[in-house]
Every structure is written in structure tokens, then in C-alpha cells.
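Quick look at what TrEMBL lists:
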DOMAIN    5-58  domain 'HTH cro/C1-type'
TRANSMEM  72-94  transmembrane segment
TRANSMEM  106-127  transmembrane segment
TRANSMEM  139-162  transmembrane segment
């Protein structure tokens, strides 16, 4: 993915060396910025003057970074398909490591849904042998709720991911928050 400095440099048909000469910055500084470092202070002003734009246009947008964080929180709940209660634990850790209040709220909603699904899975797995014995069934009853809840977990993550891409919000928000 190209940095904003690289995009503006290519629009002006400049090489890195030419940009360094025009802006008064070193070639190494230009290379570091194009590799992903965020320009600050004098460097930011010098590049903005060279490109004849506002300095804010050279900075990465915060909305994308925040959206990436909530997508990771949503995606991390898939760990619950492999590790029991991992779908609660990992999103919980990622949610509480973030400082953005909006991301925390969305993360809490994701964790709350995962708590409900993990609890339903645990209860169904505990109850299924008793139901199987009580009904004298010969096939393993525990597989049906297991596969159903796993499919539901996968569906929730996919729908939330699609909704985050399209609307920057979750597909469904719970009225009850368990955190």
C-alpha cells in the first residue's frame, strides 16, 4: 500500500531524490516516510510546501486505523472455533487495550455476543449427554448443537465484517451489554 507522500510524489512525477532536493530533506527521510513513518514538524511542513497542499492531507486518516482495530477485534472472535472461550478472551483483551471510546463500545458489543454464544455452547454440550441418555438415542447428540453454534459464530463474524466494511458499524447491536 502506497503512503500518501508517495502518491503525491508520483502525481508530481518526482523521484525520491528530486523530492529530497526540492523539499530540503534528506533522501533517507523521504525513504523512511514512504516506508510508513508519519512525518512530523518541519518534515511535514516542508513536504506540504513542496506539494502545495495542506499538511493534514499528508497524515493518515484516523478513521481507517480505528476501523482496522475493530475489524481485528471482530476477526479475533473466530479463535473461539478452535479454543474454547477464546472467542470471548481474545476480543476482550483487544477491546480493553484500545483507548478509543467508540472502538471500546463496539468491542464490548462483539464480546457480549460471543459470551452468549459461548455460554449457549457450554450449556448445550453439558446437557446433550443427559438428553441423549434420557431419549435413548444411539447417535451422538452433542454434534448438532456444536455445529449449529459454530455456524452461528461464523455467521455473526461474517455479517459484522461486512457491516463494518459498508457502514462502519456492527450488523446488530445488543441492548444488553455484559461488560
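Glycine residues also receive a Cβ, built from the backbone N, Cα and C atoms like all the rest.
Fair warning: this is a prediction, and the values are worked out from it, not measured in the lab.
Shown for the domain 'HTH cro/C1-type' (5-58): DSSP residue counts in helix, strand and coil, namely 38 helix, 0 strand, 16 coil. For the transmembrane segment (139-162), same-chain residues at least 6 beyond its ends with a Cβ under 8 Å from one of its own Cβ atoms are 71, 74-75, 77-78, 80-81, 87, 110, 113-114, 117, 120-121, 124-125, 128-129, 131-132, 170-172.
On the 0 to 100 pLDDT scale, the model's mean across the domain 'HTH cro/C1-type' (5-58) is 88.
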